[in-house]
Amino acid sequence: MQIRLANPRGFCAGVDRAIDIVNRALEVFGPPIHVRHEVVHNRYVVEDLRQRGAVFVEELHEVPDDAIVIFSAHGVSKAVQEEAKRRQLQVFDATCPLVTKVHMEVIRYAREGRESILIGHAGHPEVEGTMGQYDKSYGGDIYLVEDEADVVALTVRDESKLAFVTQTTLSVDDTARVIDALRQRFPAIIGPKREDICYATTNRQDAVRQLALECGLVLVVGSVNSSNSNRLRELAERCGAEAYLIDEPSQIEASWLKGKAAVGVTAGASAPEDLVQQVIATLKNLGGEDAEEIPGREENIRFSMPKALRP
């Protein structure tokens with residue numbers, strides 16, 4: 001049985017930066033360091049940081065006065081930012097710069113008097129943060145759509161002054177269809193020159209397409225609450241492969257491998273490489289050959305740390 005590795009896979013620049021911010025804050029200030037929401041959506045990473053002294057909370061009222069708090073890579077609403085400022089909490093913002101770019105877009109659209117439509121998944125923290133960055137005091141509103149049916153049902157105030165943005169971790173193909181539906185329904189709508197789906201999401205989806213063509217089974221290393229990891233599994237299935245999302249190698253079932261000449265392995269943008277290597281070792285113990293990496297797009301993007309945390 002061949003083992004084929006997706007390229008690229010695993011950590012993206014935004015995840016690297018967010019984890020580095022928590023680790024560096026622990027080094028500089030010592031524990032505890034409070035983090036609003038899981039800094040990235042990976043159980044393995046979160047547990048490792050928790051053992052080092054990070055305290056994960058869902059809301060700021062759980063953070064003591066005079067504490068240090070880190071905002072997760074998914075971003076936060078304006079209300080959360082203002083609450084932290086009012087309480088004079090020391091904040092380090094681990095929001096991915098590509099998410100911040102989307103925030104800047106909805107802030108600008110609100111000031112221009114445009115209503116905004118966000119393509120995204122309800123309940124995801126990135127979506128909640130972006131929705132909360134739109135300033136309704138300018139008279140407009142922001143609407144969430146997940147699919148074409150939502151576009152059909154949507155009612156806005158002024159179809160001539162509309163803009164759209166997207167969550168950064170969506171399916172590229174699904175998002176393209178929703179954007180087409182928006183343009184057909186609202187011909188005057190404007191949006192970013194390129195959709196807001198980030199480079200890492202796009203690259204990992206392209207790699208999975210190739211993997212699914214070569215392998216009857218695709219294993220995606222990632223946690224169930226990771227949006228981009230779920231999109232990778234769904235895409236592999238659409239491309240004709242059997243696919244599973246796994247948090248760790250112990251979840252692999254030998255029955256999945258029965259009759260498979262090749263198995264593909266990839267990882268979501270918040271899954272560490274050492275988990276991938278553990279999965280490969282397990283597959284080899286179950287009869288797999290040495291892993292072979294497929295050709296892919298090189299990534300060399302790095303995002304800078306907050307000044308106060310730089311060595």
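Just so it is clear, glycine is given a Cβ too, placed from its N, Cα and C backbone atoms.
What Swiss-Prot records for CYS12, CYS96, CYS198 is [4Fe-4S] cluster binding site. Secondary structure at CYS96 ([4Fe-4S] cluster binding site), taken from DSSP and collapsed to helix, strand or coil, is coil.
Every protein chain considered, the tally of other Cβ atoms within 10 Å of the Cβ of HIS41 (isopentenyl diphosphate binding site) stands at 29. Among the features that Swiss-Prot reports, isopentenyl diphosphate binding site is placed at HIS41, HIS74, HIS124, SER226, SER227, ASN228, SER270.
Around the Cβ of HIS74 (isopentenyl diphosphate binding site), the number of neighbouring Cβ atoms within 10 Å comes to 28. The dimethylallyl diphosphate binding site feature in Swiss-Prot is assigned to HIS41, HIS74, HIS124, SER226, SER227, ASN228, SER270; the stated evidence is sequence analysis.
Using a 10 Å radius centred on the Cβ of HIS124 (isopentenyl diphosphate binding site) and all shown protein chains, the other Cβ atoms total 17. Per Swiss-Prot, (2E)-4-hydroxy-3-methylbut-2-enyl diphosphate binding site is recorded for HIS41, HIS74, HIS124, THR168, SER226, SER227, ASN228, SER270.
What Swiss-Prot records for GLU126 is active site, proton donor, and it gives sequence analysis as the kind of evidence. The 10 Å shell around the Cβ of GLU126 (active site, proton donor) contains 25 further Cβ atoms across the protein chains shown. According to DSSP, GLU126 (active site, proton donor) is assigned to a helical segment.
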Can you name every residue in this chain, apart from HIS41, HIS74, HIS124, SER226, SER227, ASN228, SER270, with its Cβ inside 8 Å of the center of the Cβ atoms of the recorded isopentenyl diphosphate site?
VAL40, GLU126, THR169, ASN225, SER229, GLY268, ALA269
Counting Cβ atoms within 10 Å across all protein chains shown, which of the binding-site residues SER227, ASN228 comes out on top?
ASN228
If you count other CB atoms within 10 A of each CB, which of SER226, SER270 wins among these binding-site residues?
SER270
C-alpha of CYS198 ([4Fe-4S] cluster binding site) to C-alpha of HIS41 (isopentenyl diphosphate binding site): distance in Å?
16
Taking only C-alpha atoms and a 10 A limit, tell me which of CYS12, HIS41, HIS124, SER226, SER270 are near THR168 ((2E)-4-hydroxy-3-methylbut-2-enyl diphosphate binding site). These are the binding-site residues.
none
